[in-house]
Amino acid sequence: MSRKVTKYSAVLAVSLFAAALAGCGSENKEGTVGTGPGGVATVGDSACVQCHSAVTEALTGESLIAQYQKSSPHNTAGLGCESCHGGGAQHNGVGPIPFAQPDASRCADCHDGTTAVATNSDTAFAESRHNIQTIRSGATCRRCHTHEGAVLSNIAGYTGDLATLEDTVNQNKVPLVSSYSQISCATCHEHGGGLRTIKATNGAAGPVVNWDPNNNRTVDQFDLCTSCHNMYSYNGSTLLTNGVPVNGVATGTVGHHETTWYRIIATTHFDNYSTGPQAGAGASGTNAKVEGYVLRRTGANPCFDCHGHEAKTNTRPGRDATIHTDWAKSAHAGGLLTAKYNAVGALTGAAAVNAAMNAYVDDTTAIAWTHYNWDASSRGSCQRCHTATGAANFMSNPAGYDPTGAGNSFSHLQGWSAANGSKQNELLYCWGCHTNAGTGELRNPGAITENYAGVNSTSTGTTGTAVTISYPDIAGSNVCMTCHLGREAGENIKAITDADGILGFVNSHYLAAGGQLFGKTGYEYATRSYAKPTFFAHDKIGTAAAPGTGTNGPCAGCHMTTPNSHSFLPVTKDGTGAVTAITSTACATCHAGAYALTPEALTAEEEEYVASLEALKAALAGKGILFFNAHPYFYRDTNANGIGDPGELVSSNAFTNWAGVYGLALWKDVMGAAFNANLLIHDPGGYAHNRFYVKRLIWDSIDFIYDGVLNNDVTAAIDAQVTATRLDSATATAAKAYLGTTRP
């Protein structure tokens, strides 16, 4: 039996994706003569069916032709049997055929990302948990830990929650076989690559029903994967965990491993609607909770949105890191997996499951994803970077993307409407940046030309024109540039017309690292040069101009050439923030010999960068402009003590009189100094991205705001802040060491 299973497993691995493009294989599935794969003429499906209609799958007894005609994407796409097996003109039932038993590598011949959608099945499955797991043939375990048990259970209806699987009547519905084998391609795929249909039992010893946990009346990927990796009951009505209610949400019990939190999909893939942001237009939802990822359950690839055939996530504590766990602990996921680990700690069993289900991230670590009701139309302009949906839609079609977010649909979020949004929020999921998580294929927005909207306000009589800045094409790093260019640039201030210089602060927004890297987003003072030195090379990393640093541009070249690529961190740090290791391989390519970087040197550089920004903040405070890290960022120092007192740090006390410092003619330069401070405070890696550009911005901002003149008296300006007790001497010394005694 096992030999037959092995034989048909190979045959059934024709395709692992439901999409294939015309042009693969024969010209016509019904036999217009042409040359098929393997260089042999084709004869059409009718000839195949004549002889092979009686051939059955050894394990199930089902007709292979019936399976193919029922579910194969190659049949419905009009490709035909010969698109996988090769031309049949020499076959005639006994002669050769090019690919009698096509395997996963045969699939890859067409599924290369060009002819048809790419698949990582030919390489990834071999090392997957599905392929290397221990065969378990016990009454319950064989349902998901053997090929035969899974396939026969699909037919018998032995699928469902714990009560269903532990019921002996249900167990006895599944025929026994003489031996059991590993999960294979054929466990999930019928002949021709279609997904197997799954039956379930409604409760213990209940009637057999269709397994349809996303309740869309279609056999799809979510049904297949969650038949073992349970998340919902057969009709989607009940969340399956360990049976303990979660913040008022009733749950059932998963089919097995109900006391092992990292085996329960819902501990990481369920975001509790009841704890989400306030619904409604304009709702802020500040400090909403996100407990898990929200799956696009009825989409084409709800599981393959983030997984491929590698089937190895390694969520279990202590396991080797994977791309999935790196991402889940990263800022793009708000550190959600870290929150789960911290909540579980040393707990075990049901207590661990409860802790994991209730663990969440909020504004503390995930402010980019939790602070507002991002999917409501009132936040439409934010959706490009604060939702995976907006990011994916922009990168798929930058020219056609509506910056108001009007084209974004979040129908996979519970209760969503465009006006009110949903009480669930997205993180930056894998599919935000990738078109294919299994192969790693990135979205391709091309070189980013950013349109920084004009600054306009009817209340202050302010008008401004839009500013357009073109950035170079940096391959895969274009994906990063999509959201790391800020919302406003220094040029926006220069493009403003305002009669009295009294207006709200122009906010650069956060983490605009790409703009600093290419020296384009700061407020640049007239008569000063900001051209990069000829030897500056950080903007060339990941290009042909910097051999040995990769091919995906500077963002990926620095942040993703580490053992933990999807942590997006080029260094590791200890609890104090000190750099403990430089893990990016790009650094050592150039910084070698006398220019070699050390963790200690990089820590010192960062500390001096921060000190120079403290000096700039102090100089601004000396003019009555107080910085506080909350919108609108700059406030009036009403008692002139140089300190942001609680009563001063409120939005009604926002600093707006920029002309009041040095007169109407210079108001833009005053705001420019504040703009540069805000821009760089919110780019903590600015010292590494482009140290020449950021030093010049800080130098010129301190130089100007101190006395309204660009006269290079920066050292005196910093010393004056110490004298006025707005800056301590140690910080002043570090700031002067960073900036030097002459303009960088």
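Counting starts with 1 at the first residue shown.
Positions of Cβ are set from backbone N, Cα and C atoms, glycine also.
Remember, it's a predicted structure, so these values are computed and weren't measured experimentally.
As written in Swiss-Prot, here are the features:
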- 1-23: signal peptide (SIGNAL)
- C48, C51, H52: heme c 1 binding site (BINDING)
- C81, C84, H85: heme c 2 binding site (BINDING)
- C225, C228, H229: heme c 6 binding site (BINDING)
- C587, C590, H591: heme c 12 binding site (BINDING)
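Candidate binding-site residues: C51, H52, C225, C228, C590. Nearest to C84 (heme c 2 binding site) by Cα distance: H52. Looking only at the binding-site residues C81, H85, C225, C587, the one with its C-alpha closest to H52 (heme c 1 binding site) is C81. Same-chain residues that are not part of C225, C228, H229 yet have a Cβ within 8 Å of the Cβ center of the heme c 6 site turn out to be C144, L224, T226, S227, N230, I265, C303. When the binding-site residues C81, C225, C228, C590 are compared by the number of other C-beta atoms lying within 10 angstroms of their own C-beta, C590 comes out lowest.
Secondary structure at H591 (heme c 12 binding site), as computed by DSSP, is coil. Cα distances from C587 (heme c 12 binding site) to the binding-site residues C51, C81, H85, C228, H229 are smallest for H229. Of all the binding-site residues in the record (C48, C81, H85, C225, C228), the one with the smallest CA separation from H591 (heme c 12 binding site) is C225. One residue stands out among the binding-site residues C48, C51, C84 for having the most other Cβ atoms within 10 Å of its Cβ: C84.
Between the alpha carbons (Cα) of H85 (heme c 2 binding site) and C48 (heme c 1 binding site) lies a span of roughly 11 Å.
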